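Taken from TrEMBL as is:
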- A:CYS293, A:CYS372, A:CYS388, A:CYS428: [4Fe-4S] cluster binding site (BINDING)
- A:284-451: domain 'DNA primase large subunit C-terminal' (DOMAIN)
Amino acid sequence: MDLNIRRKSTKTRVTGSLIESYPHDLQMYKLPPLENISLQEFESLALERVTLLRSLATSTTLKGFRIYSEEWVEYIIGELRSQGLKYYAKLCEKSACGTTEADLQARRKDHIAHFILRLAYCRTEELRRWFIARELELFKMRFATMRGDAVESFFKINNLCYTNISDEEKSEIMHFLRESTPYPNLDNMKFYKVKFYEVLDLVKSRRVYLSCGFAYIPHKDFISVLAAQYRTQLKQSLAIACHHLGEIEQDERLVTLLKGLHQSYSGADYSSVKAVVPIESLDSLSVKSFPLCMRQLHEQLRLSHHLKHGGRLQYGLFLKGIGVTLEDSLRFWREEFTRIMELDKFEKQYAYNVRYNYGKEGSKKNYSPFSCLKIINTTVGPGDCHGCPYRHCDISNLKNRLQGYGFNSQAITEIIDMTKKGHFQVACSKYFDAVHHTDLGIGINHPNQYFEESQKIVKGEVKVEVKKEVKSTAVKMEAIDQIEEMDFDEVM
Amino acid sequence: MVGQHDENMLSDMLPIYYSRLFPQNVFCRWLSCGSAPQPLSNRELSFTLADDVYLRYLSISNQKELQTLLQKKCPHKLDIGAVYNTKPSVGRHDAVVLARELVFDIDLTDYDEIRTCCQEAKVCEKCWMFMVIACEIIDKALKEDFGFQSILWVFSGRRGIHCWVSDHEARTLDSPGRGAVADYLCLITGGDNQNKKVHLGSDNLHSSIRRALNIIDKYFEQLLQDQGFFSTPERLEKLSKMIPDEALRSQVQKNLDSMSDNSLDRWKTFINTYENYCRETGINVRKIRYLVEEIKIQYCYPRLDVNVTKGFNHLLKSPFSIHPKTGKVSVVFKPSNAKNIKLDEIPSIHSLLDDSSPDNAQHQANMRTAVKNFQEVVFSLEKLEAIRKKNDANVSLEF
C-alpha cells in the first residue's frame, strides 16, 4: 500500500532513522508518509484516530466541559487510556522531544493516521469541516501542554522566525497593550507584530490589541498564528486530496473502509422522513412532543403571527423533519402570516423560503433540520426567539416559562441547575423527563431525535415505568453516545 | 416629500433618473477597482423589477452596457454582489467567489426594543442619532484598528446605513476573517428572551470598547432625553432587568420609582445608587464592575446585522439606487457629516425630477454633494490600488 498516490513524488524520500523524520511530538503534517504498511495496520490506525477525534467532540458536547479547560483535557486523556490508546494519551499529555523508541513509534502512528483520515474526510464539505475543527482542537490542546523548551525547539524545527517589536515601540503602546491583552505581567513579555488575519480567533474575542491592521501578540499567543496556518494548510490539502479520490478508490480494499469511517457513528440527519404529520395536530404535538426550542417558536408564531428569518429556518426545517409536507407547510405559514400581512406579500416574500427549505428553490438542496449543536452555536439577535432556550434565555425568563407550563418545582430546579452549569442538552433531557413524567435521562442531540423519542413513548412503542429506573438510564446514555452530529464547527 | 411617494410612478421616472442623475461613470469605476484583478464583468449585479421580480447574476463590462441594461430593465432596486472567477451570468453553478467588499448593514428595526420614538419602518430625527453613533464607532474601528482606508458610507434609503470597505485586504478577506471582524465589532448579542445583551466581564476593558464608550458619551445624555429611555414604569422595568445583582436592583427600583420621571435625573440617581452600592459592598462587585458601561452599550452601541458582514456573497443595495418604498436616493455621505444629515433633505426621485417641487433646489444640491462624496472615495481607492499594484510589481521583480 503506497500512500504516495496522493501526491506526485517530487519530494525527496524521507529515509534515515525515525528520529530524523520525527524529531518532535507535535508536527504540522507537511509531508505525507512514504513507507509501506499492512492493510491491517491501515485499518486500526484509522479507527484509533477516529476514536481520538471523537473523544474531543464528546468532551465538549455530551460532557459539556469548557473547551481546553482542565476537565476537558482530563476527560480526553482518561478516555484514551481506557480505550487502550496509550500512545495518543502520551502525545496529548506532554508534548516534548524525547527520543525513546516508544516516542518515535507514537509519532509515526500519529503521522500516518492523520494522513489516512485526510482521505476519509476529504469527500464532502461537511466532513472536511468536522475534521478540520477536531484536528485543530487536538493541535491546540497539544501545543498548550508543551513545556517551554519543547516550544522553542518546535519553532526551530518548523522554521518559524519572528522578530519581536523594539522596546521603544513597546513602551509607546504599553498603555493599550495593558488594556487589550488579557495577561498579567506584560512588562517582561516580548511582543510580536502580525497581520490581524493571522490571529482571527484573538480578534474575534477581542483578546489582542489591534492597530492599523496589525495585531500585537505576546509569545504565548503564537498558538493562534500556528493554528491559523495549520488550518489553511489542512484546508488546502483536503481540497487536493479530494481531487485525487478517484485514484484511491480504484483500490477496493480501501473504499469501504474510508467511506464508512465517519458514518459508523454519525447517525441520522433527519433530512428524509416517512411519516406524515398533519398541521392540525401541531398545537397538541408542540405541548407533548416538541423540545422547548421548537415549542417556544410555535407559541411565538401563534402569538405574533410572525417569526424572523432565523426562527423560520429553524422551525421550518424541524417541521419538515417530523413529516409536515410542503403543501401543509405552505398552508401553515400562510395562515399565520396573512393575519398581519396581505396574501400578496406573503407569496412574494415568504413562500419562496418555505419552498427553499424543501429544496424546491435556489440551489435545490434538501436541507437537513438543525442539530442541537448548530442551534446552540447560532447567533441570536434582537427580535429573534430562535436558538436554544437553555443557552439563549435569561434564567428568569426560562423559569417563568416553565412555571407557566405547570411543571413541579423540583423539575424546574433540575432544569435550571443544568442550564446554569452550561449543560444545555442535559437540561433539555430533564425537560423531556418532566414532560413525559419519566426518568430516562436520554441524551438529546437533535430536536428531531427528541421528537421521535417522545413519539415512541406517546404511542406506547416504548414502555416506560413512570419514574425511577436507574438501569435504563445507563443503557440509553450509551446508545446515544453513538449518535453524534456532524455539523459541529470549531469552537474558537 | 416622502408622503407623496407613489410606487407606480417609478417606472416612468426611473429611466430619466438613471440616465441623467445616476453617477454611472463613478459607479463603474468604483466597481472595477473593487473587482481587480478580475474584470468588471465578473461582478454580479442584481435587479428588482416592478412587482418584485428578481433578476440575479447580471453583469456589465463597461458604462455603456450599464446604461443599456438600466434602460432596458428599469430596475426599481439595484443590488451589488460578489466578484466571481467567471462572468456570473455564464457559469454560475460552479462559479467561485473571489472578492467582495467587506460590508456592514445597520438597520433601525434592530433598535426597536430600545427606541421609543418610532417602530419598524418608521424613522425620525430622534432615532437617526443611533445611526450617527453607529457610523462614528464603526468608521473609527475600521480605520484605526484594521487600518482600512477606502470606506464608503451610504444611506440605505429608508431606516439605516450601509458601509462598504474596498481595501484590497478587506475585499479578499475569507469567511472566517469576515466573521472575526464582525464579532470583534459586535457587542450586543442575544434575542428577545435575554434582557441583558452586553457582557463585558470583569477584566480590563479592551481599547476598542473604551474608544466606543468615549464616542457614546458625547451623545448619551441627549439621546437619553430625546428617547426618554427611563421615563415610564415599563422602561424602568427594562433597566432593572439588566441589573444582575438583586440587592442593587431593588435599591435602584426603590430610588427611581419615587422620583420625577425625567430620564436624565433617573440616570444620575442610578449612577449614584450604583456607586454607593459598590463602595459599601466592596468585594462583591466584580460581577457588576462594568454595569454602567454595559447599559450604555446596550442602549447606544451599533447593532450590526452580522449575517450580512459574514456572508461572502450577500447582496447589498447599491449606492444611488432608489428605495422603492420611499423614493429616496441611497446617497453617499461623509461619516464626519452624519450628524448634520436631515432626513427630509435627503433627495427623493420625485423632487429631483420635478423642478416645481419646493424641495427641488435643495435636493439637487444634496445630490451633487453625495456624488462628490462618492467621487472622493473612488479617487482615493484608485490611488490606493495604483500604489498596491506598484508594490506588488516590485515584490515580484525581486524574486
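Cβ from N, Cα, C; glycine included.
TrEMBL entries are annotated by machine, without manual review.
Structure coloured by features recorded in TrEMBL.
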residue  : record                        : Cβ within 10 Å
A:CYS293 : [4Fe-4S] cluster binding site : 29
A:CYS372 : [4Fe-4S] cluster binding site : 26
A:CYS388 : [4Fe-4S] cluster binding site : 27
A:CYS428 : [4Fe-4S] cluster binding site : 26
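Sitting within 8 Å of the Cβ centre of A:CYS293, A:CYS372, A:CYS388, A:CYS428, and not among those site residues for [4Fe-4S] cluster, are the Cβ atoms of A:PRO291, A:LEU292, A:ILE375, A:ILE376, A:PRO389, A:TYR390, A:ARG391, A:PHE424, A:GLN425, A:ILE444, A:PRO447. Reduced to three states, the DSSP call for A:CYS293 ([4Fe-4S] cluster binding site) is helix. In the three-state DSSP classification, A:CYS428 ([4Fe-4S] cluster binding site) falls within a helix. Annotation note: A:CYS388 ([4Fe-4S] cluster binding site) sits in a coil segment as assigned by DSSP.
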